Amino acid sequence: MAEPLLSEHQHQPQTSNCTGAAVVHEEQNSERPPSAEERVPKEDSRWQSRASLQSGSRPGQEGDGGLKHQLPPLQTNACPELSCLEKGEKGQNGEDLSTGGASPSAEGEPMSESLVQPGHDSEATKLEAPVAGVEEPWGQQQRQLGKKKHRRRPSKKKRHWKPYYKLTWEEKKKFDEKQSLRASRVRAEMFAKGQPVAPYNTTQFLMDDHDQEEPDLKTGLYPKRAAAKSDDTSDEDFVEEAGEEDGGSDGMGGDGSEFLQRDFSETYERYHAESLQNMSKQELIKEYLELEKCLSRKEDENNRLRLESKRLGGVDARVRELELELDRLRAENRQLLTENELHRQQERAPPSKFGD
């Protein structure tokens, strides 16, 4: 009976010392700067003993030694007299812990864990809190760098496109004029750069022919044509006059023929320029010599035609003189005929009384 009472009497001040040491340790930890707590890692394998790493058995199976080696340094610092308490119990009781020592060690393990666990959790939360605070602005910066803020407003001047078949007649006319001006400008730029260009494919002459007003069939507004033609007017002249009045064989009038002639001349000039650009130096020299020969032939022919025209001009003057002489003789003949008629009438008239 004396031994249990003595052991209980010895336990009371020891537990009080243990709790007091824990309180002092917490006060010291509170006085420590926060930087010291941040330096302590959560889990460090360097504090584990080699025996615990080598042994594959659970803690508590090998006795008190295994438990002491597996405890972290925070637990031993929090309660340094725990090992002394266990040694005192072993020395006072004199019992062998190999058989029944598992239960005290097992009971002591949760106690030590319960004593040390609050401090460990508080340190872990203190370590995690500043790390999260550091990661939050860094993540915001990364998101800002990755995603660009949209600072532009949508433009109010939107181009309202409409298909061609939905345009009105005025809009179609403006669109066609704009396209024709643009095409002519582009063709002029390309031609100035020396690039081959195709003729502007337009159907405006068809539209002009289609838009022509119907002729007014009221005959009262037009002057009547002479019913009879003079003798010197031939049928060919009549056909030519009719063709001119109708606007030509193509039905386009004078403006259409001028447009076609201008288009043909432009196309021929472009084709000729392209052919000269594609020719080599020898071919150009040969072409130049041929053109000189052709020019000399044309000049000779022109001189010959001029001489002939001069001769024909002299013949024409003679013919004109003869025509004038003929007219004069005809007039004189008519005058003689009239005089002869008067003499005949006088001869046929009866003699007067005065003459008898």
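Cβ atoms here come from the backbone N, Cα and C positions, even for glycine.
Marked as compositional bias 'Basic and acidic residues' by Swiss-Prot: 1-11 (among others).
Annotation comment: Swiss-Prot describes 24-47 (among others) as compositional bias 'Basic and acidic residues'.
Sequence annotations record features per position, and here Swiss-Prot assigns compositional bias 'Polar residues' to 48-58.
Taken from Swiss-Prot, the feature compositional bias 'Basic and acidic residues' applies to 84-93 (among others).
Summarising the annotation, Swiss-Prot assigns phosphoserine to SER98 (among others).
Per Swiss-Prot, the feature phosphoserine maps to SER103 (among others).
Residues or ranges marked as phosphoserine by Swiss-Prot on the basis of similarity to another entry: SER230 (among others).
Residues or ranges marked as phosphothreonine in Swiss-Prot (evidence: similarity to another entry): THR233.
Feature annotation from Swiss-Prot assigns phosphoserine to SER234 (among others).
Residues annotated as phosphoserine in Swiss-Prot, with a large-scale study or a structure entry given as evidence: SER249 (among others).
Residues or ranges marked as phosphoserine by Swiss-Prot: SER257 (among others).
Per Swiss-Prot, region 'Interaction with P-TEFb' is recorded for 199-202, and the stated evidence type is similarity to another entry. When averaged over the region 'Interaction with P-TEFb' (199-202), pLDDT in the model lands at 67.
Nonlocal intrachain contacts for the region 'Mediates interaction with CCNT1' (283-311), taken as residues 6+ away from its ends with a CB within less than 8 angstroms of a stretch CB, comprise 276. Among the features that Swiss-Prot reports, region 'Mediates interaction with CCNT1' is placed at 283-311, with the record citing similarity to another entry.
Helix, strand and coil counts under DSSP for the region 'Mediates interaction with CCNT1' (283-311) come to 29 helix, 0 strand, 0 coil.
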